[in-house]
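A.B. asks: Taken from TrEMBL, the feature domain 'Glycerol-3-phosphate dehydrogenase NAD-dependent N-terminal' applies to 3-161. Per TrEMBL, the feature NAD(+) binding site maps to GLY8, ALA9, GLY10, SER11, TRP12, GLY13, ALA141, ARG256. TrEMBL lists SER11, TRP12, HIS32, TYR49, LYS106, ALA141, ARG256, ILE280, GLU282 with the feature NADPH binding site. The feature substrate binding site is assigned by TrEMBL to LYS106, ARG256, ASN257. If you look up TrEMBL, you'll see LYS106, GLY137, SER139, LYS192, ASP245, SER255, ARG256, ASN257 marked as sn-glycerol 3-phosphate binding site. Taken from TrEMBL, the feature domain 'Glycerol-3-phosphate dehydrogenase NAD-dependent C-terminal' covers 181-321. Residues or ranges marked as active site, proton acceptor by TrEMBL: LYS192.
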Amino acid sequence: MSKVAVLGAGSWGTALAMVLCDNHHNVRLWTHNPDQKKAMELERKNKKYLPDIELPTSLAIYDDLSQAIEQVEAIVLVVPTKAIREICQKLNHVLDHKVVIIHGSKGIEPDSHYRISQMIKEELSQSLYDDVVALSGPSHAEEVSVKHPTTLTAASENGELAAFTQDLFINQYFRVYTSKDIIGVELGGALKNIIALGAGISDGLGYGDNAKAALITRGLAEISRLATIKGANPLTFIGLSGVGDLIVTCTSAHSRNWRAGNMLGKGIPLHEILSKMGMIVEGIRTTEAVYQLAKKENIEMPITTGIYDVIYEIRSPKEVVDDLMTRNRTNEVDDISSLLLNRYMD
Ligand SMILES: NC(=O)C1=CN([C@@H]2O[C@H](COP(=O)(O)OP(=O)(O)OC[C@H]3O[C@@H](n4cnc5c(N)ncnc54)[C@H](OP(=O)(O)O)[C@@H]3O)[C@@H](O)[C@H]2O)C=CC1
Ligand SMILES: O=C(CO)COP(=O)(O)O
């Protein structure tokens, strides 16, 4: 049994904390909102993020960060990407021992183009951890919280820490694999949110399964093209954090990214969508980040560019679809195979 703190009491932080409780760990869920802490303790529910779910009696709720992390062996960061740096800075002030750092967030930071583990490594004092583990895969909080079978990958360059994370979380309904390809796992988890926005837009426009299958597969080609250039193992993208997470987010109404895209496709303005959602839609910032990165490194990403243009009202969804369908004719796999060939000839 381990003592673990989960930082971030939104839908995913709460669902992950519940898995850890099921595995009989000593679990502390931290929220930055004192009112939410009081309500969760009183009602034993997280009314805003998982309204129908009863919280386990063993789950301890904290709003004081230093108390939440006292003597814990592992810290699971599950806040939106834009809050990762702030949390690490806070941890530098209150953490007084070495821990295993695991994160469950999915995003890329605009301007730096950093993945989550890169942001953590830049902010968190090196003496507090050995390496970072990313826990990622096709996993809607709503389904995990009712114990539906779910599979994920714990990725770290440090194999021992990935195995520790697998051991911490794995159970009968939550199967965890390990991987050393943290670059691929983080990029797959973050970039699928862009394609999920696109799948939502396509559905919102009234297009059917052919269009969505095209977005998923050509989206996967885009994701693996960028990720392979950034050092990922291309095989990761036929796994849980590639095609797996794309399927779950592009085809489910649980997905906030799909829902936001669906409303964009129906012509609802972005500011209205975001105020309606009340939850994080990571794909918006990640689209900005990846659009910048692709431009800087001259990587062809027509779907991402199209979604960026829809978000920032540069082109209408219909114009983007027309442009994607009438781009220069090209081969389906040649660009990726030549990338791989270059990699292995080096
Ligand atoms: N939901 C899911 O099924 C999955 C989500 N993820 C990823 O997990 C991450 C978190 O998502 P999720 O839980 O769904 O998001 P939610 O929108 O459900 O919740 C976000 C939580 O983070 C809190 N928060 C926001 N800013 C801060 C801050 N500066 N300091 C501390 N807490 C903060 C929010 O608090 P407040 O209520 O006060 O705003 C809220 O509790 C995202 O990167 C997402 O992509 C990954 C897999 C599955
Ligand atoms: O990452 C997720 C499922 O794997 C959740 O996706 P959304 O953030 O779009 O809800």
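Using N, Cα and C of the backbone, Cβ positions are placed for all residues, glycine too.
Could you give the neighbours, burial and distances for every feature on this list?
C.D. replies: Close to ARG256 (NAD(+) binding site) in the fold, though at least 6 residues off in sequence, lie MET277, MET279, ILE280, VAL281, each with a CB less than 8 Å from its CB.
The C-beta environment of ALA141 (NAD(+) binding site), restricted to residues of the same chain at least 6 apart in sequence and closer than 8 Å, consists of SER11, TRP12, THR14, ALA15, TYR49, LEU50.
ARG256 (NAD(+) binding site) falls within a helical segment according to DSSP.
LYS106 (NADPH binding site) falls within neither a helix nor a strand when secondary structure is assigned with DSSP, and so counts as coil.
Mean per-residue pLDDT, taken over the domain 'Glycerol-3-phosphate dehydrogenase NAD-dependent C-terminal' (181-321), amounts to 96.
For LYS192 (sn-glycerol 3-phosphate binding site), applying a Cβ distance below 8 Å and a minimum sequence separation of six or more within one chain yields LYS106, GLY219, ILE223, GLY242, ASP245, LEU246, THR249, CYS250.
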A.B. asks: Taking ALA9 (NAD(+) binding site) as the reference, which of GLY137, SER139, SER255, ASN257, GLU282 (the binding-site residues) have a CA within 10 A of its CA?
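C.D. replies: Checking each Cα against ALA9 (NAD(+) binding site), there are no hits.
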A.B. asks: In Å, how long is the longest CA to CA span across GLY8, ALA9, GLY10, SER11, TRP12, GLY13, ALA141, ARG256, which the record gives as the NAD(+) binders?
C.D. replies: 17
A.B. asks: Over all shown protein chains, what is the count of other CB atoms within 10 A of the CB belonging to SER11 (NAD(+) binding site)?
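C.D. replies: Its Cβ shell of radius 10 Å holds 23 other Cβ atoms.
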A.B. asks: If you count Cβ atoms within 10 Å of the Cβ of ASP245 (sn-glycerol 3-phosphate binding site), leaving out that atom itself, what do you get?
C.D. replies: 29
A.B. asks: In whole Å, how far is HIS32 (NADPH binding site) from GLY10 (NAD(+) binding site) when you measure between their Cα atoms?
C.D. replies: 11
A.B. asks: Do you know which of the binding-site residues SER139, ASN257 has the most other C-beta atoms within 10 angstroms of its C-beta?
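C.D. replies: In terms of Cβ crowding, the pick is ASN257.
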